[in-house]
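Accompanying notes for the structure given below.
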Amino acid sequence: MSDTRKAGADSRREGQPSAGSPQRAGNVRGAGTRGTSGAGRGAGRPNASGGRSGPAVKPPARKPVRGTAREAALDVLTRIDADRAYSNLLLNQTLQAYKLDKPDAGLATEIVYGTVQRLNTIDYFLTPFVAKGLAKLEPWVRSLLRLSFYQLYYLDRIPDHAIVNEAVNLAKRRGHSGISGMVNGVLRNVLRRKGELALPADLPPAARIALEESHPEWMVRRWIAQYGESAAHDLCRANNEPPRVSLRANRLRLDPQTLIERLQKQGLDAQASALAPSGVVVRGGGNMALTPEFASGLFSVQDESSMLVAEWVDPQPGERVLDCCAAPGGKTTHMAEKMGDRGEIVACDVHEHKAQLIAGQADRLDLKSIRTMTADARELDRYFPPGSFDRILLDAPCSGLGVIRRKPDLKWAKTEAEIAAVCSIQRDLLAAVAPLLKPGGVLVYSTCTVEKAENEEMVQSFLREHPDFSADAPPGGPAAMRQLMPYEYGSDGFFIARLRKRA
């Protein structure tokens, strides 16, 4: 088996949706507040430039059949293809509707995320087997071929005949004999030639990495230009790895070691994070947000990279802190815990329902120092005079390209134009919140992307335009800026910069 292929449905990522598991773990940006949503999500198949082509025809509405894992996966993938739906949200809804048992829900999850993750590689290999081309097929037929190819090529614990037979049966139930015959013929031809499938040896670096690791070629080209070929390949490979589940111990209630011991007594594999002081990495625990310990506020589910942000802000008890784009509240609550819940944190989000999410997390953790508000952070000077805050956190809206392993459809949804657009928003946000900081105060800027235009270059541009600010390394830190890559610690790609305003 090629080293670009993964073995076994049971290897699929921890913390992703399964039966009774409504969401993927981690403090990940939602549409509208963090990552930009983008046009073209899910429509057709990736073309050579990483965009999409093919008809975005909406399939006839039908009630979900409480059928097999593959039928549930087909429903999800068809909707992603035809309706540009988000895979994580749609998978949650579909698993609940199908009422699959845990193993089948796990298989459906594996098939959906694996197929989306490897989409352009699957299409590259499938295309020669489809006479009229994938783009001309109905979305549900295209999705059926894709998910079947994913199982045949990337999974090794499911018998080939079972994959083909169920694909043909699904085609019969949803189409007609001509479609089922075509599906049968394509998949049996794939089986006969599976050992011959290989990428050309003479591909240019960006095209080779794009197909080996299934990323848009434009994205790979950018990363090669920014980080070099080797690091770009490492980044793409890491984006295909299962994300870990990490917890942030609520130090107002217990320390990380006590939490580790408590989880280990329950039979869980829990270890201290090598990156985040309050972090605990858990394997085999499923959705930790459904546990009594989570409900009672002993911990929060948050990525290790994200946990570092509050460490860099380093808020002190009694201070007044502004969290500008705060939803869903992981960093907000972490700062409140670090302050001993003494002082005030104003947690702002542009969407009211997301501000309510922050308030809900504060209630769960029994934190009283957090005040939520709904406002555009670019207009906060309407509510606060200059110099109102001791510390400001701007966890800015971004392209989200550091969290692809958690949201694999993100890489197919994004465009280069969106990166330029979100940079404009980030620039405006920095300029708008800077006057709200007291002289001598700390401003921390963070994103969950690996794009230099949104990170180092954004901060350097801000410093040139605001000479009253300077780079300021965090306590015990060697530098004022840090880019965390997914291949370094197995955490999300994240950028953090700490600046200080001249006293």
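Each residue, glycine too, has its Cβ placed from N, Cα and C.
Of the listed candidates (D269, D366, D376), TrEMBL assigns D376 to the same S-adenosyl-L-methionine site as C325, A326, A327, P328, G329, G330, K331, D349, D395. Residue pairs drawn from C325, A326, A327, P328, G329, G330, K331, D349, D376, D395, the listed S-adenosyl-L-methionine binders, are separated by up to 19 Å at the Cα level. With a cut-off of 8 Å between CB atoms and residues at least 6 apart in sequence, the same chain places V350 near D376 (S-adenosyl-L-methionine binding site), listed in sequence order. Taking the C-alpha positions, the distance from K331 (S-adenosyl-L-methionine binding site) to C448 (active site, nucleophile) comes to 13 Å.
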